[in-house]
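Encoded as structure tokens, here's the structure I'll be asking about.
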Amino acid sequence: MLPDVFIQEGPIQARDETTMTANTTTEQIRIFDTTLRDGEQSPGASMTLEEKLQIAEILDEMGVDIIEAGFPIASNGDFEAVSEIAKRSKNSVIAGLARAIHADIDRCGEAVKHAGKGRIHTFVSTSPIHLKFQMNKTEDQVLDIITDTVTRSRNLIDDVEWSAMDATRTPIDYLCRCVEAAIKCGATTINLPDTVGYATPDEYKAMFEQIRERVPDSDKAIFSVHCHDDLGLAVANSLAGVAGGARQIECTINGLGERAGNAALEEIVMAVRTRSDIMPYVTRIDPKFLVRASKMVSGASGFAVQYNKAIVGKNAFAHESGIHQDGMLKNAETYEIMRPEDVGVKATSLVMGKHSGRHAFRDKLKELGFDLGDNALQDAFRRFKDLADRKKHVYDEDIEALVEDEITILGESTKVIALTVIAGTGGPQKAILTMDVNGQHITKECTGDGPVDATFNAIKSIVPHEATLSLYQVHAVTEGTDAQAEVSVRLEAGGRIATGKGADTDTLVASARAYVSAMNKLALRQQTGNPGALQAV
Ligand code: KIV
Ligand code: ZN
């Protein structure tokens, strides 16, 4: 029998009747978010447990049907993250990834068993190039592996997804045999990924049509798309796959993922919603969460969202040219096909200042969707007051940056306490830094080739380490010379990568915080053995 989430086939009532006319033939598309698995596989995008839990919480709340929470066999850290997300999820199915190996499947089953609704997602390569060079197996051997591993997964759990890695470069006759074997052994979802982002929309649609037509009992499984963006076609291909009969879309927030990334969840959701006139589908996603989720994932991964990114980019609803502004003033629909508020964009508001009290601050955090415990609230309030003293206007974006920074700092064993930097043309630039290292305050003074270098040298002299700096990026949170700087720092050591973020009106303080945050993540990864990015799956 298919698990609950699958039995809503056929006509369903549209979720939002203001945008979806009473269309009785509307079908539901399941949104399978893999930000925490495929997204986290991007080199440098690895996240802490705390960050993963927060992202899973917002995905669950926004209506994601299936959350792929990680790859449990990859590390103890990944196992813990999947298990913990499984325990906490309220509505979403929690999936874990497993190679076609018994140990992977068993470990995955262990992790997802805590979920109200759990899924094992197992995969094997099917294309000739993967069989020859990666697996060194024949087609018949891979068919036996599919039978063996799907059966093993079904013995552990009812909800099993099977993926044909590199499906789009697999001859259709052989792909039909593989899919048939997986369905026969009880796979409830069949995913046919465009692993290398090679397909075009017409080809991808035709592949689903042929497989569904030719494979016996194909109607017993839900078909799924999973598209990579190497040619910039991931979203178009995903929608084409749906036109070919797929009813699950695998995607990630901000399109995070291996290489050029995956199909972006926010683009899929808004395309389906905005063009409901030609796409008779609905998703369960509440789009008001999209911008917040995007910011959260960008903060945790350290991957900035490009300004012109569809739906969630800073400029996605900005109008610069006189003609566009004139049109917008007369009727927003002249140049906007979606309303910014639909995706959670709020007009920047000047809301808080140095006279705002703790109560107003707590209410503001609630409005922005943050629910902090007493200690975190206390610290965030102290930093807000400090910010309001230094910055003329405190915007919602400032508070968001400050609180996200606070959440990152919470639980870190090493923290920045005080920093004084002497900079200017005279040189050498000097940094005097005090840090809290496991409860002990240590101060060091260092020079460097510029103030940032001096600051990082001071950190290195307090906490000696071998990590090398592979990214240093500064963004202004709002406009004006008193804007908070949001800094991303990526460190690499021994094949492990970690990205940290810091925010402050002082770019150097933000830089020090970001560096220390990346250092803490790297240290954690070294302790838990989390490789930060999956090696050859
Ligand atoms: O891109 C891919 O093929 C994958 C599979 C593991 C589903 O991510
Ligand atoms: Zn993938």
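The backbone N, Cα and C atoms fix where each Cβ goes, and this holds for glycine too.
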In TrEMBL, the Mn(2+) site includes Asp38, His226, His228. Which of Asn76, Asn91, Asn262 does it also list there?
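According to TrEMBL, the candidate sharing the Mn(2+) site with Asp38, His226, His228 is Asn262.
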Around the C-beta of His226 (Mn(2+) binding site), how many further C-beta atoms are within 10 angstroms, looking at every protein chain?
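The Cβ of His226 (Mn(2+) binding site) has 29 Cβ neighbours within 10 Å.
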Look up Asp38 (Mn(2+) binding site) in the DSSP assignment and reduce it to helix, strand or coil.
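Once the DSSP labels are grouped into three classes, Asp38 (Mn(2+) binding site) ends up as coil.
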Using the Cβ center of Asp38, His226, His228, Asn262 as the Mn(2+) site position, which other residues in that chain lie within 8 Å, going by their Cβ?
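These residues sit around the Mn(2+) site: Thr34, Pro193, Thr195, Cys227, Asp229, Ala234, Glu250, Cys251, Thr252, Gly257, Glu258, Gly261, Ala263.
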Taking only same-chain residues 6+ apart in sequence, whose CB is under 8 Å from that of His228 (Mn(2+) binding site), what do you get?
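Residues satisfying the criterion: Pro193, Asp194, Thr195, Val196, Gly197, Ala234, Gly257, Glu258, Arg259, Ala260, Gly261, Asn262.
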Can you tell me which of these binding-site residues sit near ligand 1, meaning the Cβ is under 6 Å from at least one of its atoms: Asp38, His226, Asn262?
Asp38, His226
If you skip the near sequence neighbours and keep only those at least six away, which residues in the chain come within under 8 angstroms of Asp38 (Mn(2+) binding site), Cβ to Cβ?
Glu68, His226, Glu250, Thr252, Leu256, Gly257, Glu258, Asn262
